[in-house]
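Since the structure comes first, as structure tokens, the remarks are kept for the end.
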Amino acid sequence: MSSEAETQPPAAPVPAAPAAAPADSKPNGGSGNGSSGLASAAPPAGGDKKVIATKVLGTVKWFNVRNGYGFINRNDTKEDVFVHQTAIKKNNPRKYLRSVGDGETVEFDVVEGEKGAEAANVTGPGGVPVQGSKYAADRNHYRRYPRRRGPPRNYQQNYQNSESGEKNEGAENIPEGQAQQRRPYRRRRYPPYYMRRPYGRRPQYSNPPVQGEIVEGADNQGAGEQGRPVRQNMYRGYRPRFRRGPPRQRQPREDGNEEDKENQGDETQGQQPPQRRYRRNFNYRRRRPENPKPQDGKETKTAEPPAENTSAPEAEQGGAE
């Protein structure tokens with residue numbers, strides 16, 4: 001038993017000998033040991049081929065990215081070695097296709113091919129990835145940015161969401177978190193075309209409480225009034241268009257109402273619908289100076305009908321008597 005225990009330890013280092021053998025046999029070019037070393041180098045070269053030299057430095061003479069092949073000039077022997085894109089082991093991660101740049105220094109293994117020497121396991125000096133050809137397409141790492149720019153296109157939605165922010169611009173007691181959320185909306189208002197559309201529409205809805213002199217429905221208190229004079233100055237061009245049309249409609253209506261008052265006794269019912277219409281039309285700011293005139297006329301109109309109404313029953317009583 002003691003003899004068997006002594007014989008077993010020397011048996012362990014025996015398998016280590018073949019592992020060291022390939023390293024020594026590679027430079028000698030042994031056929032049997034070289035095949036085991038080519039196991040890793042053969043697949044990119046496209047088959048089991050003899051290795052002529054390893055870790056050879058050379059400069060790329062030219063490389064066609066479209067066809068996927070080129071030639072490398074060895075620095076030691078000044079020979080041209082054929083290179084295929086499949087032989088490139090470490091490609092530039094930013095490039096789609098495997099390629100080598102013209103005039104680039106490359107480290108590779110020389111292998112025997114069908115028509116001559118070929119390169120295999122092509123990498124940069126020291127095993128670094130290859131730089132690649134400048135004509136090779138880069139990977140589109142910037143695809144995400146145009147997708148981020150997409151949301152600002154919906155300016156109308158942004159303005160609808162930011163209307164509440166404009167109403168409260170004058171409020172001083174605002175937490176910092178809300179103020180930061182409103183800043184991007186302000187930045188998106190810079191394009192002029194998108195500024196004109198919402199502001200041109202807003203005065204129609206925001207003005208009625210001011211011109212109709214109804215303060216109960218006014219939601220915009222301090223901040224809304226501060227923003228209105230600015231909008232008036234910015235959009236003066238829109239006013240004359242609205243001034244021309246509605247005043248022409250007023251005059252015939254007022255004249256017709258005066259004639260009806262003289263000829264008809266029950267005029268109060270007919271005057272109520274036009275008053276509502278006028279109030280709707282007065283929503284525009286342009287008609288502020290014109291508001292007192294129709295109001296005086298309305299007061300005289302409302303004062304006249306009761307006199308006629310009182311005369312009418314007196315006449316009826318006289319006829320009855």
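Even glycines carry a Cβ here, placed using N, Cα and C.
Bear in mind that the values here come from a model prediction, so they are computed numbers and not experimental data.
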Annotated range (Swiss-Prot: region 'C5-methylcytosine binding') out of 62-67, 92-97: 62-67
Number of helical, extended and coil residues in the region 'C5-methylcytosine binding' (62-67), per DSSP: 0 helix, 3 strand, 3 coil
